[in-house]
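Record features, source TrEMBL:
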- 585-609: transmembrane segment (TRANSMEM)
- 586-850: domain 'G-protein coupled receptors family 3 profile' (DOMAIN)
- 624-644: transmembrane segment (TRANSMEM)
- 656-680: transmembrane segment (TRANSMEM)
- 700-719: transmembrane segment (TRANSMEM)
- 745-768: transmembrane segment (TRANSMEM)
- 780-800: transmembrane segment (TRANSMEM)
- 812-836: transmembrane segment (TRANSMEM)
Amino acid sequence: MAGGLALLSSASASGLESVRCRLQGTPRPPAFSQDGDFVIGGVFSIHNYMHTVEHSYTSMPEPLQCTGSLDSRELRFSRAMVFAVEEINNSSDLLPGVTLGYQVHDSCTSVPMAVKVAFQLANGLDPMFDTGEQCSGSPTVTAIVGESGSTPTISMLRIIGPFGIPQVSHFSTCACLSDKKQYPTFFRTIPSDQFQAAALAHLIRHFGWTWIGAVRSDSDYGNNGMAAFLQAAQEEGICVDYSEAFSRTNPLSRVQRVADVIRSSTARVVVAFVSSWDMKILLREMERLPSPPRQWIGSESWVTDPDTLHFGLCAGAIGFGIQRSVIPGLRDFLLDLSPQKVSNSPLLTEFWEGAFGCRLGIGTSTGVGVEEKVCDDSEDIQQLQAPYTDTSQLRVTNMVYKAVYAIAHAIHSIVCEERENSSVNCDKNLNVKPTQVLERLRTVNFSRNGYQVSFDANGDPVATYELVNWQRRESGKMEFVTVGLYDGSLPPDQRLHIEREITWVKNSTQVPVSVCSESCPPGTRKAVQKGKPVCCYDCIQCAEGEISNNTDSLDCLICPEEYWPNAERDRCILKPVEFLSFHEVLGIILTACSVGGACLAIATATVFYRHRTSAIVRANNSELSFLLLFSLTLCFLCSLTFIGRPSEWSCMLRHTAFGITFVLCISCVLAKTIVVLMAFRATLPASNVMKWFGPPQQRLTVVSFTFVQALICTLWLVLSPPFPIKNLTTYKEKIILECDVGSAIGFWAVLGYIGLLSLLCFVLAFLARKLPDNFNEAKFITFSMLIFCAVWITFIPAYVSSPGKLTVAVEIFAIITSSFGLFFLLFVPKCFIILFRPEKNTKKHLMEKTSNDIRY
């Protein structure tokens, strides 16, 4: 290493062994230097490459040299350091009577050169020195300002850190440098990338971009910054389509591959955590071939670099930059370049020749590719348009300025003391060690030009940024426009503040859209596509009974039990309530049939009453006939209790009324059947059976059978009565109001009892079907009971399988059908004879044997 020391022993006059230290390698002269009582080092990336030499290992290697183009912005940084030192030397408040010196070096943006400079600043430039005890001497500098890049800074800290020399960087933003265990001597006046990464993620989420691409420099700055950003982006729910790394030292094919990835990606927003030098190489490659428009999001390193403004494809780019500031007197200092001053500095000579395209007649130019024109003093730096002379966007420059002042305040607190008369006395002969400056830097807290300077426990300042937008003027020239602020010390929802309209890519005022999948509207949910990030999804409609009332819902919500989704499935609405109503068509038809049947029964009773003395009425047991008509009327009317909104009373009434009236009806038919059998048995010789089944016994039979049913119904109502329920299971989308039977045993006991009487009646009537005489009702009773039983046997499966209100309709249909069956077969033939065939309404006709009967 250039700063290495060789030890040579010799004997001193006192007899003690003396150690002579000799500097190894060729020292590199500083770009700018000045002696002083206390010297501050400065390291900047003024050139972008270091000359590469192949080593033969048979001879001394050539001295390291910078090459490539000169970065006039970095030159301005270095000159700002010189300006700050001279301003402090002329100050009567800060370090009065003390002269600060400086040594400013160019690191060529390379680690080897940065390490060489670090050794040189730590050891000094003396070719040899003696010490009576050990090979150690005080460092040349008390502190160092720099470096501009994070990787060279880390390399320097490995060298100077063990010696306790503090280093205050103006542009090294890698979050890794906040680790005090590894870098205890590091400070910076620019915020850490940890804050910038969080700010970028917050910005991207603010504008609704969830699908982005990412590129980074393959360096400590890019890799650590992008790692912090990706973590913050993941927390914000942002997906990254690709994350590519490259370096300006990579083969061109590598840069081309990164450019192709950007072109082919569906992500319209690209986050570039890239150094300024690397970004220029990438943008040149992007301009080589037609590229789709991309919205660029930049890190501080390049988004405020004036040298990148000529890339038109970045129009509309936004990113966070250090707050713009004003440094009084700096512009005049930068423009104060006399020919003598320029010719005395190889660096300024190179800048001058490159800026004006001419060669100074003095010495040999170090410019690369400049014309052979000789400068003739007509060059006017006042009119020069270059990053060096542009002081309208002093951002990082102010970080250099603040770094120098921070070191000066630390030295001031060591060598100066305030007297009683408020005067300040400074001892410039005091031996100040770098470790002392290091301790005082931790506690500095001052304000300069309205800007506060202090460091936290990690050596970082408060994170405040300006949101910078690349906007094109009417003249077509690009410029930086501050459109917002970001303050990392505020609560998360208050950190970002947009102050003015942003111009986006393609000079649009509409925020570009960059999503992998369009937002899922309410009524749908997101389903992640297999093998893709969570931002790539399909929109799946919510299942039955579920809704989503927000955009991009991850899950659908189940509606409450009595609610159902609307057609769009974005809200729950009350399920419609359904029951067999008097106002619907089916209800009206069944009501008409019920009332019509009751009216027919009443009309028949009226006819029978008016012809009660006629033979056919008297022959058919008029008392049982009237009771049967009454019960049929009740059977027709009891079906009305099944129509309408179910209530506790209607539920109890409908089943009990149905059960009792039908048993009354069947009991009457059964009594008539028994009367027919007894009547024909009574015609046999020596038969007196009619005296055992006269009218009292008939009435008792009807009452007894009906009483049993009434008892069953009473027990049913007392133990477990029917009650209204909301049926939510038959239909998902509506509520069926119906009556629960309460006790299934009670319900089927009522039906079973009716079925038992019907079966008994059918058997007796079947036995009496061939008895003689025209008034024999057994045939009609047989057929009526056959219809009755067929209807109710069919009713059972239909009742069980019918859904919703159709269950009630089936039961009503069975009641009306069976009632009409009894009515038509038992009474219509008699009414027809009474009204239309009165000649057959005689006792003689009724007592005649039919021809069919005679054969038997």
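Residue numbering: from 1, along the chain as shown.
Just so you know, glycine gets a Cβ as well, placed from its N, Cα and C.
If you look at the transmembrane segment (812-836) against the transmembrane segment (745-768), you find fewer than three C-beta pairs under 8 angstroms, all six or more positions apart, and that falls short of contact. Note: the stretches the transmembrane segment (780-800) and the transmembrane segment (656-680) are in contact (3+ CB pairs below 8 A, sequence gap of 6 or more).
Along the domain 'G-protein coupled receptors family 3 profile' (586-850), the predicted structure has mean pLDDT 80. Panel annotation: around the transmembrane segment (745-768), residues 655-656, 658-659, 662-663, 666-667, 669-670, 673-674, 676-677, 680, 705, 708-709, 712-713, 715-716, 719-720, 722, 776, 778-779, 781-782, 785-786, 788-789, 792 of the same chain, lying at least six beyond its termini, place a Cβ under 8 Å from a Cβ of the stretch.
Here the transmembrane segment (700-719) has long-range neighbours at 624, 627, 652, 655-656, 659-660, 663-664, 666-668, 670-671, 674, 742-743, 746-747, 749-750, 753-754, 757, meaning same-chain residues at least 6 beyond its ends whose C-beta is under 8 angstroms from one of its own.
Here the transmembrane segment (624-644) has long-range neighbours at 579-582, 587, 590-591, 594-595, 597-598, 601-602, 604-605, 608-609, 617, 650, 653-654, 657-658, 661-662, 664-665, 668-669, 671-672, 675, 698, 702, 808, 811-812, 815-816, 818-819, 822-823, 826-827, meaning same-chain residues at least 6 beyond its ends whose C-beta is under 8 angstroms from one of its own.
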